[in-house]
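Quick look at what TrEMBL annotates:
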DOMAIN    227-348  domain 'O-antigen ligase-related'
TRANSMEM  42-66  transmembrane segment
TRANSMEM  73-93  transmembrane segment
TRANSMEM  105-132  transmembrane segment
TRANSMEM  152-171  transmembrane segment
TRANSMEM  191-212  transmembrane segment
TRANSMEM  219-235  transmembrane segment
TRANSMEM  241-256  transmembrane segment
TRANSMEM  263-283  transmembrane segment
TRANSMEM  332-357  transmembrane segment
TRANSMEM  364-384  transmembrane segment
TRANSMEM  390-407  transmembrane segment
Amino acid sequence: MNLSILLFASVFLLLIARLRVVTVLQPRRQSSTSTRSGLIGIWFWVSLVWPVLFKAVLGSVLALYLPVSGSAVFVISYVPSIVIGIAIFIVALGSRESFPYVPAILVMAVVIMPILIFGVVDIGVVGAIFMIVPTLLWCRALSVDVLNWPRLCYQGLLVLCLSMAVVFVVWPEAVVETCRLDKCTVAGQVLTSSITGNGNFLGLCVALLSVIAVYRQHWITVAAVGLASLIVIEISGSRTAMIGLVLGYLVVLGIGNRMSRVVALAAAMVALVISFVPVFRVYGLRDYTYRGALWMRAKELISESPNVGHGANYWTEHNAYRFSSNYAAHNIWLELGVAVGFFGIAVLVVAAVWALLTTDVENRYLASALIVTTVAVGFLEAPIQPYRTGLLPFLCPLILLLCSSGMRKRSVDTSETEDPAMKAIRNQNVLAGLTRDGAR
């Protein structure tokens, strides 16, 4: 099957989904703070969509004509996000209805900890610090309605797929390569990028966006977006993203329904279990397309410094193995263990639990689906690296913003400002035996 047919089929399916991109909940009215909360929408585009668009698509075209250095990729990809992040922090700082957001502060502590212990700072570490900055303060004026996140993610998916299809037609040599040992598709070709080295980055981002995009959507939208995402992930050659997409969908479609919640919980447990498999099993050096060698080396490093790890960039700077794919340990727990040790992992887990327990029910559902997808792809990749601008630097702040958007300061009376749709959701959950903080 021709790769171009698959690409344009994904775009066509997303356009079909556009006809039904309406939530199963009633529309919400716009609040008076929509202008300031629009900063979060801008952050989404410059922090998530733009870096993916540049690194997976446009950067490859640019590399055909100009040499593109690593520092140039960083500046082009992440400086816009840093600027908007600082603007969000300043707006929150100037608001009377803002206060420190504890989960984000815990994550920032993990980011800063390797600097204090090992004294190593570079552009990637500084970038990671600024990526967390917009999440440090909860601000009511900057809170985004939970139902706006699926809309943003759908639009991001459409832009990415359409851009890839156009570039494939005009500059196919920039984004396509023939099958290789670890990457092959039904089309006999695979999407690639001269910036990232393969299509994994694109596939993982599509999986994460897709899981959010189908939340509380009509079944036609779910089917169209899901099939389009499967197509793009298949031609990107990312089997890891396929695992994350399937488990993430089981959670996001089932967690809000009492009858399907058992399936969602089972999917979450499967994601957690498979993510730990590389930690406890012994592998040969060639297992899982040479990931076995990376995993065994990571375990050796963790045993040398189990409590605080070796620092944010130790793996990339000091890993003596001969593999070019050494940007990470290719497992979420092993990567975190090498960098920040058991203590850093424990703090991140506490931050995640804290964020989930202090947000509204609907935000908790959506954030849980995103976290399950993240843990699932963590089986073969390292999606969470909050201490440096690694594979998916937007992921940690995205989870924090998603949770903080559903948070309400207990001393603030929201009865007059809360949207009718959110009231309806909460009333339904109360009738189902739920409170604002979950099941009791």
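Just so it is clear, glycine is given a Cβ too, placed from its N, Cα and C backbone atoms.
Quick caveat, the model's predicted, so the values are computed rather than measured.
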Next on the checklist: Can you tell me which parts of the same chain pack against the transmembrane segment (263-283), counting only residues 6+ beyond its ends and a CB-CB cutoff under 8 A?
Outcome noted: 243-244, 247, 250-251, 253-255, 291-292, 295-296, 299, 331-334, 368, 372-373, 375-376, 378-379
Checklist entry - Under DSSP, the domain 'O-antigen ligase-related' (227-348) has how many residues in helix, strand and coil? => result 86 helix, 0 strand, 36 coil
Checklist outcome for this item: In the same chain, residues at least 6 away from the ends of the transmembrane segment (42-66) whose Cβ sits under 8 Å of its Cβ atoms read 73, 76-78, 80-81, 83-85, 88, 131, 134, 152, 156, 159-160, 163-164, 167, 171, 173-175, 191-196, 199, 201-202, 205, 209, 393-394, 397-398, 401
Checklist entry - So are the transmembrane segment (390-407) and the transmembrane segment (241-256) touching or not, going by 3+ C-beta pairs under 8 A with a sequence gap of 6 or more? => result no
Next on the checklist: I'd like to know if the transmembrane segment (152-171) touches the transmembrane segment (332-357) in this structure, counting it as a touch only when three or more C-beta pairs sit under 8 Å and are separated by 6 or more positions.
Outcome noted: no
Item to check | Average model confidence [pLDDT] within the domain 'O-antigen ligase-related' (227-348) | outcome: 88
Item to check | Distant-in-sequence neighbours of the transmembrane segment (105-132), which means Cβ under 8 A and at least six residues beyond its ends | outcome: 47, 71, 74, 78, 81-82, 85-86, 308-314, 339-340, 343-344, 347-348, 350-351, 354, 385-390, 393-394, 396-397, 400
